[in-house]
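Comments concern the structure below.
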Amino acid sequence: MGNTSSERAALERHGGHKTPRRDSSGGTKDGDRPKILMDSPEDADLFHSEEIKAPEKEEFLAWQRDLEVNDKAPAQARPTVFRWTGGGKEVYLSGSFNNWSKLPLTRSHNNFVAILDLPEGEHQYKFFVDGQWTHDPSEPIVTSQLGTVNNIIQVKKTDFEVFDALMVDSQKCSDVSELSSSPPGPYHQEPYVCKPEERFRAPPILPPHLLQVILNKDTGISCDPALLPEPNHVMLNHLYALSIKDGVMVLSATHRYKKKYVTTLLYKPI
């Protein structure tokens with residue numbers, strides 16, 4: 001019933017907080033009993049789960065390192081033209097791409113031009129004309145929080161896809177030309193000697209399309225006998241000779257004048 005004097009003294013020494021009473025076995029009550037982690041099969045899986053997932057963690061770290069390397073890779077520099085058309089005697093270019101240092105522009109007729117290799121992305125720049133800072137009003141501009149007006153330019157990879165394709169084509173053409181101009185095999189200084197069979201080789205046969213002479217074709221009944229059929233374009237500007245008959249040689253030639261064809265016949269007695 002109630003606290004003893006010794007308990008009251010102890011309570012006063014602890015600031016009015018009563019310590020939990022232990023039973024004869026040295027334990028505390030069920031409500032104040034501390035939680036003790038017992039060994040179990042689930043605990044073993046819990047402690048070794050990191051070792052089981054180690055390969056997946058290594059793959060993730062490797063992927064993250066590759067991603068960081070790709071992000072840090074410098075963008076390809078692209079040739080960019082800067083032009084000042086506002087006149088002046090001395091014009092300089094300054095921008096975020098050169099830490100706002102002055103770069104002199106080259107005079108070309110009435111303009112000032114500079115070509116710089118800039119990385120892909122957004123860049124700001126200004127012109128220093130005859131001792132005065134200014135910007136080009138015909139180009140895009142951007143205004144800072146301090147009220148400074150600068151020109152802005154976007155260097156995009158898509159703007160140079162045509163040039164990249166032309167460069168690839170030129171490289172392919174150069175490779176083909178090198179292969180075609182330098183066939184494989186040994187090279188020497190000995191002159192080429194014609195073989196006997198090559199010296200007495202017969203002339204080439206007449207192309208077959210030249211054998212279709214319009215003067216040898218029969219004119220249809222429905223056609224005007226005074227008109228010849230339209231010749232093939234390969235028959236033009238050629239001289240044809242008919243076999244000699246009755247001591248007369250017949251020569252013919254067909255020419256084109258705009259959309260008309262004119263065939264001339266020449267009869268020569270032999």
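Using the three backbone atoms N, Cα and C, a Cβ is placed for every residue, glycine included.
Taken from Swiss-Prot, the feature compositional bias 'Basic and acidic residues' applies to 21-36. Annotated N-myristoyl glycine per Swiss-Prot: GLY2, in sequence order. Annotation comment: Swiss-Prot describes THR4, THR19, THR148 as phosphothreonine. The annotation phosphoserine is assigned in Swiss-Prot to SER5, SER6, SER24, SER25, SER40, SER96, SER101, SER108, SER182 on the grounds of similarity to another entry. The region 'Disordered' annotation in Swiss-Prot covers 1-46. What Swiss-Prot lists as region 'Glycogen-binding domain' is 68-163, and the listing cites similarity to another entry.
Sequence features annotated in Swiss-Prot and their locations in the structure.
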residue : record           : DSSP class
SER96   : phosphoserine    : helix
SER101  : phosphoserine    : coil
SER108  : phosphoserine    : strand
THR148  : phosphothreonine : coil
Where DSSP helix means H, G or I and strand means E or B, what are the helix, strand and coil counts for the region 'Glycogen-binding domain' (68-163)?
15 helix, 49 strand, 32 coil
Test of understanding: give the count of other CB atoms lying within 10 angstroms of the CB of SER101 (phosphoserine).
10
Which whole-number mean pLDDT does the model give the region 'Glycogen-binding domain' (68-163)?
85
Please name the residue among the modified residues SER96, SER108, THR148 whose C-beta has the most neighbouring C-beta atoms within 10 angstroms.
SER96
In whole Å, how far does the CA atom of SER101 (phosphoserine) lie from that of SER108 (phosphoserine)?
22
What does the structure give for the C-alpha distance between SER108 (phosphoserine) and SER96 (phosphoserine)? Integer Å is fine.
24
